[in-house]
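Record features (TrEMBL):
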DOMAIN    2-121  domain 'Alcohol dehydrogenase-like N-terminal'
DOMAIN    162-286  domain 'Alcohol dehydrogenase-like C-terminal'
DOMAIN    397-526  domain 'Alcohol dehydrogenase-like N-terminal'
DOMAIN    567-672  domain 'Alcohol dehydrogenase-like C-terminal'
REGION    723-744  region 'Disordered'
DOMAIN    881-995  domain 'Alcohol dehydrogenase-like N-terminal'
DOMAIN    1037-1166  domain 'Alcohol dehydrogenase-like C-terminal'
Amino acid sequence: MATGICRSDDHVITGALVMPFPIILGHEAAGVVESVGQGVTSVKPGDKVIPLFVPQCGECKSCLNTKGNLCSKTDLATGAGLMPDGTTRFTCKGKAIYHFIGTSTFTEYTVLHESAVAKIDSAAPLEKVCLIGCGFSTGYGAALQTAKVEPGSTCAVFGLGGVGLSVIMGCKAAGAARIIAVDINSDKFAKAKELGATDCVNPKDFNKPIHQVLMDMTGEGVDYSFEVIGRTDTMTAALACCQCNYGVSVIVGVPPAAQNITFDPMLLFTGRSWKGSVFGGWKSKDAVPKLVADYMKKKFVLDPLITHTLTLAKINEGFDLLRTGKRPHGHCGKSKDNAFPILLSEVSCPGLLSKVNLPLQCIPLGCFQVIRCKAAVAWAPGKPLSVEEVEVAPPKAGEVRIKIVATGICHTDDHILKGSLPNVEFPVIPGHEGAGIVESIGQGVTSVKPGDKVIPLCLPQCGECSFCQNPESNYCQKTHFSEPQNLLPDKTSRFSCKGKQIHHFLWVSTFAEYTVVPEYAVAKIDAAAPLDKVCLIGCGFSTGYGAALNTAKVKPGSTCAVFGLGGVGLSVVMGCKAAGAARIIAVDINSNKFAKAKELGATDCINPRDFKKPIQEVLTEMTGQGVDYSFEAIGHTDTMIAALASCNTNTGVCVMVGVLDSEISIDPVLLLTGRWKTRECIPKLVSSYLEGKFNSDLLITHTLPFAKYPHCPALLKDTAKEAEQRDQRSRCSPGPGPSQPAPLLVGHQEKRMRNSPVLESLLVLLCLDKIQTDDFPRKILLLIKAGFVVALRAVNEDLLTVIPVATAEVLEPYSKVPLVPLHHWAPLHVSCISLLESYLKTILIRNRKFNLDVIKCKAAVAWEAGKPLSIEEVEVAPPKAHEVRIKIVATAVCHTDAYTLSGADPEGCFPVILGHEGAGIVESVGEGVTKVKKEYLLLKTLHFPVFASRVTQGKGVMPDGTSRFTCKGKQIYHFMGTSTFSEYTVVADISVAKIDAAAPLDKVCLLGCGISTGYGAAVNTAKVEPGSTCAVFGLGGVGLAVIMGCKIAGASRIIGIDINKDKYAKAKEFGATECISPQDSKKPIQEVLVEMTDGGVDYSFECIGNVGVMRAALEACHKGWGVSVIVGVAAAGQEISTRPFQLVTGRTWKGTAFGGWKSVDNVPKLVTEYMSKKIKVDEFVTHTLPFDKINEAFELMHSGKR
């Protein structure tokens, strides 16, 4: 009775979405059940329903999983155009007509599987609620479900079509404080603001990229961004405008099939999340009736989304309007010419809604005659739809025949007409966003009955499979995105025309007055729901709305960006609003959509054409650090990249709502960063070690003196046996004085740095700054005899001072004793060594009142790129204000050090002292340091240099712009604010963490990078759940730490993947249940994993830094809820290329830095876990080398022997 025209329909027409022809398009509709097949129980004749292009069988793995909404029994991208039995219910002129995504609503009657229809409120106006069948739900849910926009947040919505406006409404509903609408058509801004947008921006108005504009507007970027256009460049901009650390970008828009999205991985590495959203993350059959009920309760509006009403005969005019951007969606009402009227609305995959003028009838069960009715048939790609009289066969067992009351025209339908939608067979009846009334039911149908109002579901839900049972999924195993839906499940069609079979489209084919769908592809809705409104829930609205609420799970107060303000984008906006997003930024190149977006909840609207910078930069500038959630509701690869890039680096989530069945090339770092907060987490890691939760001692394989640091690379080339022999020859026991050997640890790390312990000498020369008598030696001895614990330490090897452990009264007589040159105390130094060592129990440093001296010590200097490190004597200046000078006791080599040393690091500065994974003892502090006690500091307290502010780190200097290192009269640069390849280093106080005094520095130093990164990637970033299945790509040190984290989190199956089978035994020791090599199969590794795990793993981790493997890890995840975490760091300049559809189908791509730990808070706990043997550390060590063999260590690392 009502159907909408959507971009998905148009993609079929244009050939962008490949489907079999002829086909009846349409998937956004509402109608009345005319009859049901045997076994149909969810609807009955007379029920008002909305066809579901995302069906829900309720039985498959996906439907049973709470995390996703894609039923395993459907495949939106490559529907076969048939019913589940492999046939079609449409014929025309003697030919079979294919179904479209199980709905085919461009017909007066359509047949759907029971799982693809949702019964709705009998009072619902079909010409309104049909919008819920696709665009509105897609956009609204993108904000509420996918992004989960939070109250007070800032959102950016790219694209102000119907879906984009729905995103704005979602963001507003979620409580977003600021919603920035982005579109190049400023005419849309009024509508966007009407619906909730607080700001509207046109990228054309700026000379900078739109993501920079948004970053400027928001300070650090938006919290959430939504790409609702379907452009890959906008997707990247939406991602880039999100805040680092936590920004979420949601891809809502669906780009053409042939497009890839290519982006810099750093956008993810900095902590953003990139998500896709299908039907807004809603479990269609469950959610559509509720959405209709919400509409009836006026929780959101649909009427403003409607722009045009057309008769079915003018459906091609609807597509023309769709392509010119003059509408986001469609809605229908009765027409005077007794035809199939169509109403264009702002919703969903903006499209055409049509409504027949015939009175509703309740057709009793068993009235199984062929129905002749009108349908819009796509006979071939690139040809206009032809309104034909088609025959709609009665529903078979488990099927429902629906009288379509309202359907939407979606871009997916348009893709069919263009021929750009893959695997669409012609002729076909498009349409997948509709609502109607059950006309009849087949045998066994119980969920609906004739007369029920329903919405056909292009994403069905059988309710029985593992997908349906999974609360995280909205997919159903009865429908596969990898298989066509051109016929019903029995592999036949219910449509025919002129003697030819007509294919179904997504099992709904709502561009017909009647359609037949599987029972699990129909949802019964409230009888009071207006079908011409709630039909939008069948696709676009639910997709957008759910993308926010379900997929992104937009949080109250968050910031969202919605790319594309079509129907789906607007639904995302509504979803974000419903979720309480504080800011919803709508993004679209059509500023005319902004008013609608703001009306629906967008707080801001921006047009990428208003800026000279990428839209993601605009969003990042608008929000400060990027949006929390972004939604791509367009289907364009570049917009998907923009949506991801606009997300907050560490926590941003990007959801793909727009359909793009093409490759998307992205930079993996967009997903990669931002989980460990180094300064807060490092101490907790140390505490975990002290508690025995892991044992890092076993990570050490070689101990070498510092002087032999340059020889480490040679050792890396040796066999394990040779290395062990060298280790035995070179190992030194602790001894007094600065000549103490500096053991170097080389761990199992692939890309993460491993600590190389530099052991502290037992004899440490300390200073007492207030002794001023000429009888200094005698006083020293008296102090010792009086019970002072005295330790000695060389300061530039020419001064001797002592520090007592005593009361102020005891110290008072010596408060004015000056410092004395060391050569004056040679006799004392010699005679008291044994006595001092025996008293060396506790070492305290009193706060000095004098100027600290320059320390001369050994360091491994990288003079130029590509050259071995050189052991040199360097000068280490005293710490300035808010700085700490540390004696490094343990440090490790890492691939990041090797990467910079190779010259490939674009931020590399030479000469430099590398090293960033170490542990040591505070030697002195500068003015203003409070985190390290100024009065008495426990020297035995451990401190981890952590990655501080990147303002100066990349420039190789301290925060004041200068260096503390010099050598041979030249300035030496710092590295990552740490430079642990030196006996002494100076770091900013914000880059040091105090740890338990009992922790062994030569063990817990390993927690400074790799172990914490891998372990945290599992427990913090991915949040692995008990009983889940995980795949870990790369079995180096970080990969082993991920395995350990998965095991501790309770994963029931952990699959280790590496081409080096020698690593399998160690991986199983850490918790892997099985190990496989990609070289053992002719199939791509992701296909092997999908077959092994019945659809894909729940979590995958890429720990190598290879962009190709990053893509494989994503594709190995289960559709609907799979989470892939990028842990490995890709080389500079490398970009990931993949199809956006991999995200659109419900997967999440994340990045992690330092495992998501807040360093200062968590590192002590991790140390405690190590000490309590909860986590392992010792087992990571493969080699221990003296410091002077550091170059050998690098060679071992490169050869894979560490």
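These residue numbers are counts, starting from 1, taken along the chain as shown.
Any Cβ shown, glycine's included, is placed from N, Cα and C.
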Which stretch, 2-121, 162-286, 397-526, 881-995, 1037-1166, tops the Cβ pairs under 8 Å count with the domain 'Alcohol dehydrogenase-like C-terminal' (567-672)?
162-286
Secondary structure split (DSSP) over the domain 'Alcohol dehydrogenase-like N-terminal' (2-121) reads 5 helix, 90 strand, 25 coil
Give the one range among 2-121, 162-286, 881-995 whose Cβ atoms make the most pairs under 8 Å with those of the domain 'Alcohol dehydrogenase-like C-terminal' (1037-1166).
162-286
Would you mind splitting the domain 'Alcohol dehydrogenase-like C-terminal' (1037-1166) into helix, strand and coil residue counts from DSSP?
58 helix, 26 strand, 46 coil
DSSP helix, strand and coil counts for the domain 'Alcohol dehydrogenase-like N-terminal' (397-526)?
12 helix, 92 strand, 26 coil
